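Worksheet: one structure, shown below.
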Amino acid sequence: MTVAQGVGQVAPQPGLLDRERTIAKAGFNRWLVPPAALAIHLCIGMAYGFSVFWLPLGQAIGITKSVACPADMGLAAALFTTACDWRVADLGWMYTLFFVLLGSSAAIWGGWLERVGPRKAAFVSTLCWCGGLLVSALGVYLHQLWLMWLGSGVIGGIGLGLGYISPVSTLVKWFPDRRGMATGMAIMGFGGGAMIGSPLADMLMNAFKSPTSVGVWETFVVMAAIYFVFMLAGAFGYRVPPIGWKPEGWTPPATQKAMITTGNVHLRDAHKTPQFWLIWAALCLNVSAGIGVIGMASPMLQEIFAGSLIGRPEVTFGALDPDQRRMVATIAAAFVGLLSLFNIAGRFFWASLSDKIGRKMTYATFFGLGILLYALSPWAAHAGSLALFVAFFCIILSMYGGGFATVPAYLADMFGTQFVGAIHGRLLTAWSTAGIIGPVVVNYIREAQIAAGVPRAQVYDRTMYILAGMLVLGFICNLLVRPVAARWFMKDAEVAALQTKGASAALGPTGSFGIGRGGLDAKAALAWAAVGIPILWGVWITLSKSLVLFR
């Protein structure tokens with residue numbers, strides 16, 4: 001379809017996915033945008049919960065017990081074998097692919113996202129994530145591990161990156177008065193994806209389980225369909241404010257805070273500033289410490305407290321019988337669930353708090369409090385205080401999640417809002433790096449301590465002190481962050497030219513003009529219910545399982 005564009009000129013009408021079609025009109029309620037972002041993040045956040053598939057996939061051929069591969073079978077052969085079940089270690093490479101592809105795709109296509117807008121990026125994310133699940137389903141059905149890696153790992157990983165950053169700049173622009181809270185609400189969803197998806201996957205696998213199938217490929221197909229509906233609704237729920245829009249009744253503070261800029265740094269220049277790399281290092285170190293703990297949370301609790309978890313403090317980890325080990329493992333699983341809940345809650349709490357105390361002070365709190373808690377955790381373990389140990393790591397994981405949720409607003413404060421989505425995408429390479437550093441540090445030190453004959457209850461002591469040391473480095477990096485030098489900022493004319501280039505629809509209203517008002521009206525209530533009900537269900541499931549920690 002075309003529309004007239006002056007005498008003798010015809011211009012194509014913007015497509016349904018184009019940025020111009022997402023510009024909000026009068027009467028639009030800005031509180032419809034966060035649930036759209038949550039719909040995307042709650043789906044792609046299932047990447048955190050993929051371990052729920054590992055044990056069933058380890059019996060995909062044997063069904064009731066695993067058909068072991070030859071001990072000398074290499075990884076290359078395992079990718080194509082149909083004669084034996086996959087090893088959990090080979091399946092675990094999916095995690096590496098997820099987060100390496102997340103960071104790299106966000107960095108590579110972040111600039112494209114800023115040009116085309118959040119709807120098209122979220123739509124591509126939907127196709128990649130859900131299409132990847134279908135390719136993985138085919139891989140399970142044909143018993144081809146390489147298809148699993150390609151589907152969810154590579155294609156799905158690209159969907160993760162695009163979906164993760166798609167709402168960031170949009171939310172920052174819609175909520176200039178509450179940047180931290182807005183991005184915290186969306187990124188909270190990524191942490192909550194596994195909390196909903198893992199029990200759902202478990203239910204589906206049990207429903208599809210049969211004498212000839214463990215139910216995984218069928219579960220992938222159903223979850224792909226569910227996620228497709230939710231993510232598509234989220235993508236088409238995205239709107240961007242017109243140029244010059246600001247919330248009704250809100251004016252920027254007359255006295256601008258030194259750490260919050262009103263200008264914009266171009267994407268091509270952001271990585272040339274020391275501020276970018278200092279924030280990159282701060283995020284990397286915070287995430288490295290937290291992600292290492294997440295990966296070892298279950299064995300850590302079991303090895304440190306062992307029989308104390310079941311009222312037998314005299315029984316060490318090595319002396320547990322099979323029944324006791326199962327009981328201890330159940331309690332450790334509850335610990336992991338509780339950590340995930342604090343990971344989620346921390347994303348909203350700390351990001352919202354950062355609107356009050358500032359982003360730099362929030363990160364200083366992460367590092368200062370984190371150093372103290374990591375340093376004290378061996379003392380809590382040696383004192384046999386399970387409650388204190390659990391409390392320490394719940395707070396630590398809340399700050400791990402808070403680091404992710406606060407950093408988009410930190411970047412907007414430093415570099416402006418024009419390219420914040422793309423800059424955030426490049427910064428996420430810190431996550432990919434941390435995904436390697438954290439687990440390697442924790443796992444290597446643990447193995448070295450065990451090999452040295454250190455008792456299981458003490459093998460994590462040195463690890464905690466090293467993680468505290470990493471946070472000291474992070475504290476220094478954050479302390480060194482200063483406002484970006486004036487020479488890096490674009491001129492107002494450059495920003496205006498970028499904003500209006502190819503976007504005639506964006507030349508409409510300025511100021512408030514009836515856009516963004518509404519609060520929790522009927523339409524917003526329905527949108528929030530669509531994402532809120534699954535979140536509440538996941539919280540209820542997690543809390544129910546976590547109660548075993550306190551019996």
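Even glycines carry a Cβ here, placed using N, Cα and C.
What TrEMBL records for this protein:
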type: TRANSMEM; residues: 36-55; note: transmembrane segment
type: DOMAIN; residues: 37-486; note: domain 'Major facilitator superfamily (MFS) profile'
type: TRANSMEM; residues: 94-114; note: transmembrane segment
type: TRANSMEM; residues: 121-142; note: transmembrane segment
type: TRANSMEM; residues: 148-168; note: transmembrane segment
type: TRANSMEM; residues: 180-200; note: transmembrane segment
type: TRANSMEM; residues: 220-238; note: transmembrane segment
type: TRANSMEM; residues: 276-297; note: transmembrane segment
type: TRANSMEM; residues: 327-350; note: transmembrane segment
type: TRANSMEM; residues: 362-380; note: transmembrane segment
type: TRANSMEM; residues: 386-411; note: transmembrane segment
type: TRANSMEM; residues: 423-445; note: transmembrane segment
type: TRANSMEM; residues: 465-481; note: transmembrane segment
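Remote same-chain residues near the transmembrane segment (220-238) are listed as 22, 32-33, 35-40, 42-44, 46, 117-119, 122-123, 125-126, 129-131, 133-134, 136-137, 140, 163, 166-167, 170, 197, 200-201, 204, 527, 530 (criterion: CB distance under 8 Å, separation of at least six residues from the stretch ends). Of the recorded ranges 94-114, 148-168, 276-297, 327-350, 423-445, the transmembrane segment (36-55) has the largest number of C-beta contacts under 8 angstroms with 148-168. The recorded stretches the transmembrane segment (386-411) and the transmembrane segment (465-481) do not share 3+ CB pairs below 8 A when only pairs 6 or more apart in sequence are counted, and are therefore not in contact.
The listed stretches are 148-168, 180-200, 276-297; of these, 148-168 has the most Cβ pairs under 8 Å to the transmembrane segment (121-142).
Looking at the domain 'Major facilitator superfamily (MFS) profile' (37-486) alone, the prediction's average pLDDT is 90. Contacts between the transmembrane segment (465-481) and the transmembrane segment (327-350): absent, as fewer than 3 C-beta pairs lie under 8 angstroms at sequence separation of six or more. Within its own chain, the transmembrane segment (276-297) has Cβ neighbours under 8 Å at 270, 332, 335-336, 339, 343, 363, 366-367, 370, 374, 393, 396-397, 399-400, 403-404, 407, 410-411, 414-415, 423, 426-427, 429-431, 433-435, 437-439, 441-443, 446, 460, 463, 467, 470-471, 473-474, 477-478, 480-481, counting only residues six or more beyond its boundaries. Take the transmembrane segment (94-114) and the stretches 148-168, 180-200, 327-350, 362-380, 423-445: counting Cβ pairs under 8 Å, 148-168 has the most.
Ranked by number of Cβ pairs under 8 Å to the transmembrane segment (327-350), the listed stretches 148-168, 180-200, 362-380, 423-445 are led by 180-200.
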